[in-house]
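Remarks on the structure that follows.
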Amino acid sequence: MQRLKEGTRDDVQVAFEKSLKEQGNPADHFDMLSAVRLGSWPLVDRIFRNGADITAKSENGSSVLHLAAAQGHEEIVRQVLKLRVLEVNLKDNAGRTSLSWAAQNGYDAIVKLLLERNADVQSADEEERTPLLWAARSGRESIVRLLLEHDADAQVTDRAGRTPLWWATQNGHEPVVRLLLKGSAEAQQMWRGRSLVSWAAEKGYEAIVQLLFENGAEAREEHHGNIWPPLMYAVKGGHLAVAQLLLQNGADPNAEVHSHSITYRAAERGYKEIVQLLVEYNTSTKINWFGPRPIFVAARNGHTTTVEFLLRNGAKVEPGLLMTTVLSGQWDVVRLLLKNGADINKQDSITGERPIIAAADCGYHDVVLFLLENGADIHARDYWEQTALTRAAIFGHLGTVQLLLEKGADVHATEKNGRTALHLAAKRGHQDVVQFLLEKGIDAHATDEWGKAALSLATENGHEGVARLLRSMV
């Protein structure tokens, strides 16, 4: 007989009636499975009585009992069990029983029916997951209770080593966690080197962390390599309440991972309240210690309120901080640092750059303008005698070049090799910058220390458009 397509209950009924009229074509088990999926026991019963094999399985090994249990069709489960033609612990291709499916999907009444027929609560599938593990993973509190009452093992692990309590913790099922902890489950258990507190802290499950502490878990843990302390996971996720709970239970606010403190991680993400919490919990929290400083990463990432808090609580406006912020284009933080005493013309001890040169180098028009309005030296030079104008010209930042000349930059200024902004723009092929500089009266005939004019540099580097423009001026 032609296999029935899944549809509405009426679709299956009509198709079934048609099949009965076809000579020598009795109902087969695909009709049966279609009826089961629709939840119609009368239709299942009629198909069964017309010759369908109720013990047959689908392609994935699911029996009538599997399908009915998985989809919550209580009456079908009840009637099929009465027939006593199917083994209650029959497994599908994934090694799962009907109890496993009903437990996962939260069908209490079906779980009770199966348990009354002595379904095996310890039956494990191909991944070694028992019905209890599936129920805990899905947050089925009442079913977890039922299974525990039938002596399900709460310490069982799946193939990867995860317990029912781990799954309930990871998925935030607080009632199930509470229930398992009241039984034989251990709060201080580990998976992949991390405690349950660590997993819960990462997800921000405050109530579960509290439950674990109440049942003997600890906040301080050994950490190494890529295994962080629970407090670091909570901070990374921005979970303020969990971080506070961990600190209240003895977590170390000064723990470090890969030379970065917990305060650094909080500042990196702009979690001002967490930074404040860490400082309040330990006055020795490292704000200005040797190594990566919280204020640097907060400034670089533009977390203005966090930077402001750190400055109020002892962080210093150190050499390089303003430069770091300028290079990151964090205009609001630049303004904050200047208000707090940063030297707007301070030269970097390594690169020789100054903030205005760094800003021009990146084409940060608004930052350049702000620096100029707040006293930056427009003629300042770095170790290579570059000015803000020459750096902007090198990278083709036309808007910044225009701003600098408007504010009084020397269009004829040269760097250490005698090259003007025109030389540098021509060499890189920035035709719009070259055009603008020429309009501003820069000397197109000027040569560098090797006797080369801008035209030579444009030609040597294959910038024919720039070369044509310069020839028209010669």
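In case you wondered, yes, glycine gets a Cβ from its N, Cα and C as well.
As written in TrEMBL, here are the features:
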type	residues	note
REPEAT	60-93	repeat 'ANK'
REPEAT	94-126	repeat 'ANK'
REPEAT	127-159	repeat 'ANK'
REPEAT	160-186	repeat 'ANK'
REPEAT	192-224	repeat 'ANK'
REPEAT	230-258	repeat 'ANK'
REPEAT	290-318	repeat 'ANK'
REPEAT	322-349	repeat 'ANK'
REPEAT	351-383	repeat 'ANK'
REPEAT	384-416	repeat 'ANK'
REPEAT	417-449	repeat 'ANK'
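Within the chain, the repeat 'ANK' (160-186) has long-range Cβ neighbours (under 8 A, six or more residues past its boundaries) at 127, 132-133, 135-141, 144-145, 148, 154, 192, 196, 199-200, 203, 205, 207-208, 211-212, 215-216.
Broken down by DSSP into helix, strand and coil, the repeat 'ANK' (322-349) contains 15 helix, 0 strand, 13 coil. In the repeat 'ANK' (384-416), the DSSP tally of helix, strand and coil residues is 16 helix, 0 strand, 17 coil.
Secondary structure counts, DSSP: the repeat 'ANK' (417-449) has 17 helix, 0 strand, 16 coil. Taking H, G and I as helix, E and B as strand and the rest as coil, DSSP gives the repeat 'ANK' (230-258) the counts 16 helix, 2 strand, 11 coil. The average pLDDT for the repeat 'ANK' (160-186) in the predicted structure is 97.
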